[in-house]
Amino acid sequence: MNQSELIRALPKAELHVHIEGTFEPELMFEIAQRNHIDIPYKSVEEIKKAYNFHNLQSFLDIYYAGANVLINEQDFYDLAWAYFKKCAEDRVVHTEMFFDPQTHTERGVSFEIVLNGLKRACKDAKEHLGISSHLIMCFLRHLSEEDAFKTLEQALPYKADIIAVGLDSSEVGHPPSKFARVFEKAREEGFLVVAHAGEEGPPEYVWEALDLLKVNRIDHGVRSEEDPALMQRLIQEKMPLTVCPLSNLKLCVVNDMKEHNIRRLLNQGVHVTVNSDDPSYFGGYMNDNFVAIQAALDLSNEELKKLAINSFEASFIDEEEKQNWIEEINQI
């Protein structure tokens, strides 16, 4: 079996994907028309042209503009269902999706509308596509601690539907320490915790996520390599890094995929996984990310399998289910 066949055959878990970042131009245009919302683009082609950006902030500007068309429960359902269909094509059998309630509640869309649409899509994905899923609620780090506390309060009645809380949006200037008290409260309430750190931000942010937020996983974390002591800790603690190669390329975290450090991290014993982040904006879903790193870094079949195994080991599914998928990978 060659590498491209193996990539298609491997079952995978996706642990770092923003549901708002799966918004394809065609669906954005369709929902904007359905909801009679003016967007600054007259066609799908114009939206596609706008998906041309060079850093995290210019991407976020477009990302939030797109999210403005999401108003009704059906909109959130359609968004998630379109992503699940992509998962089915890529043999992503389990996904843990981020959603950003503050992006919607500050526009007057209720927390309940967002969650109900996503929940319904999750249920249908399990029933019709055999894909399991968890929801992870993210706090926007460019907003205040007070705003994050309010969002956490809104989530408390839905603890059964939200497995973890996370931290995303503009990283630089918004260290994890800003939200230490919010994350302490979230942990007390029984949520697992993850956080974006070490993408554009320095290794110090990864230390803070570990020590102050007490995370179960680090999202991105590729800049950890700059700090040997941090690397040692990540390896010792088997701390997962949910790495997003095409995202790193598109946002100029790396200038060339051949420079990406995912293979080095993997071979040094860091628990790295492959993910798509915001696939509609970054030009690729799960398998596209695997294909890109395989082509650039010449990954072996064993390395590809290890990345797939890592995705299940780092997931929040139960141990028996993890072992079943890992066994299947080992038999391929």
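Cβ coordinates come from backbone N, Cα and C, glycine included.
Record features, source Swiss-Prot:
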| type | residues | note |
| --- | --- | --- |
| BINDING | HIS16, HIS18, HIS196, ASP277 | Zn(2+) binding site |
| ACT_SITE | GLU199 | active site, proton donor |
| SITE | HIS220 | site 'Important for catalytic activity' |
| BINDING | ASP278 | substrate binding site |
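Sequence features annotated in Swiss-Prot and their locations in the structure.
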residue: HIS16; record: Zn(2+) binding site; DSSP (3 states): strand
residue: HIS196; record: Zn(2+) binding site; DSSP (3 states): strand
residue: HIS220; record: site 'Important for catalytic activity'; DSSP (3 states): strand
residue: ASP277; record: Zn(2+) binding site; DSSP (3 states): strand
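Taking the Cα atom of each, the residue listed as 'substrate binding site' and HIS18 (Zn(2+) binding site) are about 6 angstrom apart. Compute the center of the Cβ atoms of HIS16, HIS18, HIS196, ASP277, which mark the site for Zn(2+); besides them, the chain residues with Cβ within 8 Å of that center are VAL17, GLY21, PHE98, ASP168, ASP219, HIS220, THR242, CYS244, SER247, ASN275, ASP278.
Looking only at the recorded positions HIS16, HIS18, HIS196, HIS220, the densest Cβ neighbourhood within 10 Å occurs at HIS16. Taking a C-beta cut-off of under 8 angstroms and a sequence separation of 6 or more, ASP277 (Zn(2+) binding site) has the following same-chain neighbours: HIS16, VAL17, HIS18, GLY21, CYS244, LEU246, SER247.
For GLU199 (active site, proton donor), applying a Cβ distance below 8 Å and a minimum sequence separation of six or more within one chain yields LEU56, GLU171, ASP219, HIS220, GLY221, VAL222, ARG223, ASN248, LEU251, VAL253. The Cβ of ASP278 (substrate binding site) has 25 other Cβ atoms within 10 Å, all protein chains considered.
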